[in-house]
Structure formats: structure tokens, C-alpha cells
Amino acid sequence: MGSWNDLLPSDHEITRPHEIYLMLGGFITAFGLVSLVIKDKLYMSEAMVAILIGVIMGPLVGKVLDPEHMFGMSVDNVTLEFTRIVVAIQCMACGVDLPGNYLWKEWKSVAMLLGPVMIVKWFISAAGIYWIMGLSFLDALVISACITPTDPVLANSIVKGKFAEKHVPLNVRLIISAESGANDGLGTPFLLLAIYLQRLPTGQAVGEWAWKVVLYQVCLSVILGTILAYLAKRVLKTAERRDWIDKESILSFSIALALFIMGLVAMLGSDDILAVFIAGNVLTWDLWFNQRVASSSFQEVIDALLNLSYFVFVGSIVPWSSFNSGEANLDIWRLCLLGLWVIFLRRVPVVMALYPWIPALKDSKEAFFAAWFGPIGAGAMFYAHIAVVYFDYPAKPLLPIIYFIVLTSVVIHGGSVALFNLSLTRTTTYSAWDRYRRQSHANIGPPAESPVIIGGMVMNRYKEPVIEGPATVLAESIEEAHTKSHSVSFMVSSSEEGDVEFRNKLDQIVVVGESQDAIENGEAPEEIIEEAKEVPEEVVEVAEETPVSVGVDGDKVVTTI
């Protein structure tokens, strides 16, 4: 007769994964139940909470999740590949979330952030590492290259969510998202130039860097990302037109494409992260793909699960004992001083100095927000482990310095969001940004200062009316109507000036007769009638002259202006 040991093994190595599943699943479930309270009330980033849970689960406290014990000598390889997946999917998300041909329209701003700003960040960080940590300048350049890119994973928590939509102008969110996606793929040239200069004569180092890195890695990855995404979109359109593909497969397409491109380009030895970001932009260049996924949160769900799991992993693998070991000048006071140097001097001064030449940033408040929130996270981990795994770069002091700066960034950047609670509340919304930049961005409606009425026929997927009369919603601006959050997802498209995607939601859809006539005749709900009395006549004229149609495709609502 068997014993209970058949079902409950006594070997802890067998049950350890079950404990990890239990704690990780419990954390993600509990975090989800209070996520809005944590992010919008306590102003704590999800990375900050996840790292704390990782510390509790890790060898320092709970001894449940111990990556070094589980993976042994392969722990750096596992960390590298886990980080690669997270960064690649997040860079694809950054590319997909940008409205249409945003990179083309904002090329001046993106070029400034990827060129002069990144170079200054690289040297400023290297100077701090050189002076504070007492390392050689070339070693300092290697370590600095890892923390130069703005992290797309941590940036995602800053540019998305209710707080960002309420307090941060969309133009600022878009430029941070674009920069974080692009420069995470452009960290390779900085890292490899420093390594080549260490190991080769200067002339040979620069020559090999020029053709191996700039041409083969950077240029080839851009070409591959563009071609692969273009072909993928053509195939996807054909599959949908012939009814070969279901909705679920469309929703997962961008993630699958990110993994495919990441694997292919990495096997070719080119820059897979940059290729994935470029592919995301090409995939949504004409907004066709955005329209197919506008009503779904599938991408956000995958992002949240991966990001939370990843930072729990990071929290469990932090080399706490190395921070004050004295080896290679690793002292806690040096690391604290370096962390402050990097956070306050790496990015803020150069962005504030150059923002007049960054058209996406309209004033000093927006410039300071973009300058301050240049977080360091998964991207730094990725490049640090690239150096260790691919180039046999000494893990110490590289990894302890990177881990400490990542922790510093998570705490300071994640904890300082509340300081901007008032600083940007009265800056321009997307409508005002659009009016200010009308010649290079989509025109989506009248000025933000005046109320507007959005109306249109609601139809099903067969273009048959599903209600009588148009659907209208009254708001202080079209942007406010988008950010009011809870009923139906939709997209705004302007045929005159370009296209802009909105993945927010309307607060309500009010069914009335002819929009303005119904309000004047008392046919609309009383609260709408009372608010509509304050609508200036000139704004009503603008609204009436703006043709609006609302189409329902399954659970997707598309509004075209």
C-alpha cells in the first residue's frame, strides 16, 4: 500500500517550482486586485513592488526563488535570454503604440534624443564611474554604455495608465515611448565601441566597429525589421481578407512577430531589439493593424505578466553581498554616490539644454518631465549580460554596479511620479498639442478649451444601424472624451492631416436624435441638455461641420472624423 509521499514528495527540489508558482501567482493576483490603488494612489511603480516581492522570495529572505542555485553556471545566460524576451516584446509594444508614421513626423526630436542626448549621457555616466568608482575610463565607458538607453519596460509604467493620461500631455508620452523603444536597440554601438577600444588598436577598433556594428548590426537590423514587418502585414491582410485568420490570432500576431524577428536577427548576429522596434512601427504605419487590435488589451495583459514576473526575478538575483564587498572598489558609499550622479546628471542637464531643438517638447515643464523620467532597468540588464556572456567581460564590478543603479532608478523614478501630480495638470492636452503642431500631426478636432459634441451613427459589422439616431457624448474636448475611461474602445482617424490612434475609452454613449436638434428640443438626457447650454455657438458650428461616423465591428468601435 502506497503512502502520501507518492503525492507529496519529500525532496524539496521537486516541490520548489510549485512554491514559486504559488508565490508568483499569488503576488500577481493580489497586485491585480489593488493595482490602481498602488499606481494611482500610492504612486508606486509595478517594478518597485515586484522587486520587493522578489527580494522576499529570493535567497536573502524566503529562499524560495534562488536563480543561482537553480541554474548554476548558466544563470547569466538565463538572465540574458529572459531579459531579451521582455525587452523585445516591450519594444514591439512601443512601436505598435506609436500613432501611424510618428517616427517620420517627429524625426527631428527622435534624432536629437538618439544622437546628441545619448552621446552626452554616455560620457556623463562614464565620467561619474571613472571618478567615483576609480575604474579605467574605457571600463567606465563599457559600464556607462549599459545604462545609457532609456528603458522601455520602466518607461511603459510612466507613459501609460490613468495618471499619465490625466497629468502628462500625450506628446510627452509619445516621445518618451519612441525614444525608449529606439534607443534600447541603439545601445549596442556604444557598448561595442568601448569593448573594441579596450581590445584592439584604435584604428582597427574604429574600423571594425564601423562595418561590424554600424553597418551590419544597426543598418541591417533596420532593413530586416522593415522588410519582415512589411511582408508580415501583407500576409496578415491577405489572410484576413480571405477569412483565413481568427481574431485571437490577429491579437497575438505582434507578439509572435516580435519573437520571430528576435530569433532570426539574433541568429544572424545583428541587433534584434532594434529590428523588433522598427517592425512594430512598420506594422502600424497605416493604422490598419491598430484598427484590428484597438478594442483588445491582450498586448497589455502579456506585458503586465512578463514585466511583473521579470522584476520578481530581478529582485531575487540582486547581488546584495557584492555592494559592500570592497572588491574592485565596490563600496556602498561609492555606489550610492554614483547612483545619485547618474540619476541627476546623466540626462536632466542635456535634455534641458537641448529641448529648444526637440520640437516634441513644447515648454520647459514638458522638457523637465521628459528629462527626469529616463529610467534605467531591463535594457541596462540586457547590455550588461551581453558584455558578460558574449564578450567574457568580467562580471565584477560590472553587474553589481548595474544592479545597484537599476534599483536606484526603480526607487527614485518610480517614487517620484507623485511629485508631478500638479506640475503638468494644466499643460496642453493632445488636442492643444495637435493645434500647436497642426502641420505635422493629425487634426482631431476643435480647441481643448471649448466643449465639443461628438456624434455619429452606430452600426454593426454589416454596416446596419443598431440604434436610432446618432450617438453623442459631450466633453470639454475630444481628448477628454477619449480619456474618460469606461465604455467602448475606438480610434480617431483624420483623412486630411494623418492618423492618430486612441486606445482609451468613452465614459458614455448617449443615444439621441439629431445631435444638436435633440439637445435644443429637450430630447437628450437632462444632464446633457444642461451642460450643452454652455456650448459656444462657434464650437457647435465646428462640431456640426465635422462629419463623424461610429462603426461597431464586433466589440470594436471605430470613430472616423
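Numbers here mean position along the shown chain, with the first residue as 1.
Just so it is clear, glycine is given a Cβ too, placed from its N, Cα and C backbone atoms.
What TrEMBL records for 20-38 (among others) is transmembrane segment.
If you look up TrEMBL, you'll see 34-418 marked as domain 'Cation/H+ exchanger transmembrane'.
Positions annotated as transmembrane segment by TrEMBL: 47-65 (among others).
Note on the transmembrane segment (85-104): residues 110, 152-153, 156, 174, 177-178, 180-182, 184-185, 254-255, 257-259, 261-262, 272-274, 276-287, 289-290, 293, 299, 302-303, 306-307, 310, 378-379, 382, 442, 498-501, 503 of its chain, located 6 or more positions outside it, place their CB under 8 angstroms from a CB of the stretch. Residues or ranges marked as transmembrane segment by TrEMBL: 85-104 (among others).
Under the heading transmembrane segment, TrEMBL lists 111-133 (among others).
Marked as transmembrane segment by TrEMBL: 209-230 (among others). Same-chain neighbours of the transmembrane segment (209-230): 185-186, 188-189, 192-193, 196, 257, 260-261, 264-265, 268-272, 274-283, counting only residues six or more beyond its ends whose CB sits under 8 Å from a CB of the stretch.
Taken from TrEMBL, the feature transmembrane segment covers 250-267 (among others).
Taken from TrEMBL, the feature transmembrane segment covers 301-320 (among others).
Residues annotated as transmembrane segment in TrEMBL: 332-355 (among others).
As annotated by TrEMBL, transmembrane segment applies to 367-391 (among others).
Proximity of distant same-chain residues to the transmembrane segment (397-420), defined by a Cβ-Cβ separation under 8 Å and at least 6 residues beyond the stretch ends, is recorded for 43-45, 47-48, 51, 129, 133, 135, 142-143, 146-147, 151, 154, 157-158, 163, 167-168, 311, 314, 318-319, 322-323, 325, 327-330, 335, 338-340, 342-343, 369, 372-373, 375-377, 380-381, 384-385, 387-388. The feature transmembrane segment is assigned by TrEMBL to 397-420 (among others).
Recorded stretches compared: 47-65, 111-133, 301-320, 332-355, 367-391; the one with the most Cβ pairs under 8 Å to the transmembrane segment (20-38) is 47-65. In summary, the transmembrane segment (332-355) lies against the transmembrane segment (111-133): three or more C-beta pairs, each 6 or more positions apart in sequence, are under 8 Å.
Tallying C-beta pairs under 8 angstroms between the transmembrane segment (47-65) and each of 111-133, 301-320, 367-391 places 301-320 first.
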